[in-house]
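Database features (Swiss-Prot):
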BINDING   116, 136, 137, 138, 139, 140, 141  S-adenosyl-L-methionine binding site
């Protein structure tokens, strides 16, 4: 059974228990679909204080992660993952992660993730060892651990067998370039709000059409930029036009 190996270099490996012990990612680990190992640069320091950071040259606020502990941790991660493993640094300066990138990463056999802290890591480490830099958005976090967990969760969902239903990943938002449609469950009526009749009809063709139309409409209203990069079929254009017309008439 094929599996994905992910090595994480982080000063806070305990944070990744959220991945290994809970939810879909935990199930993937237990099933052998995902192999997750963390490496702490502090374990590769030689001074009594286990120093992993220092002041930046040129002055300025904050501290910068030192090269040597990172490199030594990376050596161990490479031995575990193999020399072909892609090294990814989670950084606000990186390319923004999207579903297309997640699909590509899910095809890898092994990935090494670098979770920085403080003001960042020494640029010489990035130049020498990092293959790609990825960001999860235009905002600043305290470290790379949360972005790394976001990436791991998103990639794990696409591993064959990770989800309970084979179609679940394909029906998620962004998988086909659209936002997801609304979902409902029991009861049929709650606080005088009814589930749309089409979902109770049992007509699978009508349900598929309704869900596609809702996805198109939501994307148009909330993320119109996604439609600019997606070529709509004739059916999709018709459904979107109907959605807009019905919305404007209501």
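Quick reminder: no glycine exception, Cβ is built from N, Cα and C everywhere.
Locations of recorded Swiss-Prot features on the structure.
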residue	record	DSSP (3 states)
116	S-adenosyl-L-methionine binding site	coil
136	S-adenosyl-L-methionine binding site	coil
141	S-adenosyl-L-methionine binding site	coil
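The Cβ of residue 141 (S-adenosyl-L-methionine binding site) lies under 8 Å from the Cβ of 147, each on the same chain and at least six residues away in sequence. Ranking the binding-site residues 116, 137 by other CB atoms within 10 A of the CB puts 137 at the bottom. With every protein chain in view, the residue among the binding-site residues 136, 140 whose Cβ has the most Cβ partners within 10 Å turns out to be 136.
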